[in-house]
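These features come from TrEMBL:
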TRANSMEM  A:7-24  transmembrane segment
TRANSMEM  A:30-47  transmembrane segment
TRANSMEM  A:59-76  transmembrane segment
TRANSMEM  A:106-123  transmembrane segment
TRANSMEM  A:129-151  transmembrane segment
TRANSMEM  A:163-181  transmembrane segment
DOMAIN    A:403-474  domain 'Transglutaminase-like'
TRANSMEM  A:554-574  transmembrane segment
Amino acid sequence: MKVDEQIPRNALVWIMLGMAALLAPHLGRLPIWVLVVYIACALWRLQIFRGAWHFPRRLVKLGLIAMAGTGIWLSYGSLLGLEPTVALLLTAYAMKLLELARRQDAYVLLFLGYFICITEFLFTQDLLVVLYSLATVWLVTAALVALHQGVQEHFRFGPLRQSGVMLAQAFPLMLVLFFLFPRIGPLWTVPVKTHAARTGVSDNMSPGSISSLSKSDEVAFRVSFEGEIPPRANLYWRGLVMSRLQQGTWSAFNYYDVPAAERRAAEVATEGEPLRYSVLMMPTQQNWLYSLRYAESSQAGIMQAPDFRLFRPVEIEEQYRYQVRSWPQAALEPVLSDWRRLAELRLPDSENPRTRALALQLREEAGSDAGLVEAVLARFREESFVYTLQPPLLGENATDQFLFETRRGFCEHYASAFVTLMRAGGVPARVVAGYQGGEVNPVNRTVIVHQFDAHAWAEVWLEGEGWRRVDPTAAVSPSRIEQGLEQALAGEGSFLADSPLSPLRYRRVDWINSLRLRYDALTYRWQSWVVGFNSENQLQLLQRYLGELTAQKFVLILLGSGLLVLLPLAAWLLRQRGGATLDGLSREYLAFCAQLARRGVERAPGEGPRDFARRVAAALPAHAEVVAEVTGLYENAQYAASRDSRRDAAQRIRRSRRRLR
Amino acid sequence: MQIQGLVDVAVSEVGRVLLGKEAQIRLALCCLFARGHLLIEDLPGMGKTTLSHALADVLGLSYKRVQFTSDLLPADILGVSIYNRNDASFTFHPGPIFTQLLLADEINRTTPRTQSALLEAMAEGQVTVEGETRALPEPFFVIATQNPIHQSGTYPLPESQLDRFLMRLELGYPHPVAEREMFQRKALSGRDSQRPGQCISAAQLQQIREAVAGVHTSDSLLDYLQRLVAYTREAPEFAVGLSPRGALALLDCARTWAVMHNRGHVVPEDLQMVLPAVVAHRLVPSGDFSGDGMALVMQMQRKVDVIRP
């Protein structure tokens, strides 16, 4: 092998450091054996470096490839999908170390490293991850720099500095590309994260089948209100309206389940100033949107379902921001269509006989629909119902079992039981799933809604009033609504029991909490301005400043600003390369020489100031004094150790040479 | 101490015996102040020996002279151990090199073997004879002379050896006025001029050297130096550019020159004054260039701008 094809020793160290940095953020998602592969490959490569072992033969390599593929298959059950493919890529990346013989192999490895760095963003686009990835890019670039250093050099941190400078130089260009490069739609789609557990609200609800609800502290969405933030007890974020009960499971009507005539939401009389707010949603892979009660959005791509919820026909696969107006007081559907009434009253036959009997009895006693609501809530409040996240499992006739035997459950149990009672008593009712409450971040006045704020409540239709929100959980555990889940579970200790390190658990510690809220405010900005900067925003931004946008204009602006950013950099680099340039003092002196040249005495290039002065004094005795003065000033400032400012000297020369005119 | 005054006195003192060669005397002093060895290249009878002898007198240095011939051996310069029968041991008899100022006359007459023995001593400041290293006196100067014509039977110093001399001087014919004075002096007194007296003591020599160490060298001057050096490496007239040792020699001499003129900083003229003596013997013109080393120096001094990069 030629010397210039060798991989310098310190470059190998940088490459391995870079690989470790690339692997680290993926570790949580990868099976542990991938880490073992990395360590084994690194050791193998080190042994090759020491001359102890050899590069693997082709047959061995084939075997390793087959083993890696099989391993991924066994761990994920598939080779397709986002996580298995990333795992496959990472495993192959580790084994690429064993093919790292020449410099060109190192190029392949490092450029692939940049790509691997990007794969992390398929899973999260958190600000910290971005900072970490920047550090990784820095490290990989340092490895690239180290690759161009001498073979025999010791390990030093020079490449880190140099690559830092290179990245800093690339930064302006990055900004130009970020803001101006056309955001072309994806040419391929990344398969959905099949393995990412869906937390929060799902499209159906079957209380009784869950014995322990684990709730995460991930952020579901952030809301920023234009005006005052309503009190937390009124923050019911409607997501999904479930009107259909089948085999103990509540679910929402799909678009085509509703007869054509009913597919449009009824007109709602809106009065007064609406609440205006914008919601920044994290990807859910679902298509419903969250909003307060009676919400309208004029944003393109958002539709309204006949049960007054908002949805987007396209699944939300990346974070999504939308503007909403809400009239919380507006009456919803004061007149109910026949189909709707039937749909909202339907209960499976022959299930939960005791519940049905109870409902009929209560309805009779109450005398009115509103009275039935009150009676049921009073029953929840007064009898020994318990709010818990760890309810017992329920069998057949779940509602009967819940109401008369276990009496332990969380929002879903209460909402479901309440709606069942209502429907049995002849009152149209339905379950609403979404989030309740949220945390107000005082730093930037946003409401942060976490996954553990997920909630289910009920809506009942009352003659003359329309749909009314009733939250049976509030009757059982008022603190859940007024103060949030943490308070409601204070005795049980199950709040975020699964995430011992979540900063939310340490809310009581002031500085952690304030740090957490500040970081969240920063994240909000990051999510809305950087991650959320899509082609739409880009177009808006450009149109705001540049008017109507044509293709030529777009290209011109892109190229123009690229040049604008690169030219100063290029000029600076040229200056660096060109060595010393003419400083102000020398310019002044040369101007003086030019003045004398016009009078017939020209300085030869190789003539020093003293020699020149002597010659001028002989040729132009009238100016001898000025010449001596300027030469003295120049020599003093330029060659002597005088501490006088050079700028000062330049000015004095300028003043002196005026006398030559 | 007015160094310039001291130098002026020394120059005029040497000038009493070597008439009309003030510039060369100054350069020679500069070379010695800068701890360099001097090569004088000229025809016989031009005053090479006179100059070196006068320099030794002015500086109050011990002085020895070796006439280099083709059969001179290293031991003839360095010294030799001789068996002493009285105390039955070898006694080292130091050669002429153990002196402060050595005149190596017609260095190109001797074999490379002897030349290299001398040049090694010049570079190291010490000699090794029979396994024992002996330090040479301090200061130690070598003034070598070389005869440019009558080259038959000579061993011209190669470029690499020439590089060890800080300066190379040519004396040249004297100015008619100076020559006339020389004749008159001979005619009047009937004898050569008297030997010059010591003008610079060892302590003063030390002081001059300390002053050189404290001279300010500005970035602008270094820029100029680098431009000069770069020119020799890039311009097509040069077969070989100036080595870093040559560039350092140039800087050393310019700094010394500045001190000799009572200046605390170096100006471009200092560089230009020492440039031919320091650089000419280190440059090799390429085949296309018709002139010699001196013409090259003139060209580089003319072409490289003092101020403009």
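For all residues, glycine too, the Cβ spot is worked out from N, Cα and C.
Bear in mind that the values here come from a model prediction, so they are computed numbers and not experimental data.
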Recorded stretches the transmembrane segment (A:7-24) and the transmembrane segment (A:59-76) touching, at least 3 CB pairs under 8 Å = no
Could you give the residue numbers and ranges of same-chain residues that sit at least 6 residues beyond the transmembrane segment (A:129-151) on either side and whose C-beta is under 8 angstroms from one of its C-beta atoms?
-> 3, 6-11, 13-15, 17-18, 21-22, 25, 103, 106-107, 110, 113-114, 117, 120-121, 158-160, 162-164, 166-167, 526
Which stretch from A:30-47, A:106-123, A:554-574 shares the most C-beta pairs under 8 Å with the transmembrane segment (A:163-181)?
-> A:554-574
Which residue counts does DSSP yield for the domain 'Transglutaminase-like' (A:403-474) in the helix, strand and coil classes, in that order?
-> 24 helix, 32 strand, 16 coil
For the domain 'Transglutaminase-like' (A:403-474), what's the model's average pLDDT?
-> 86
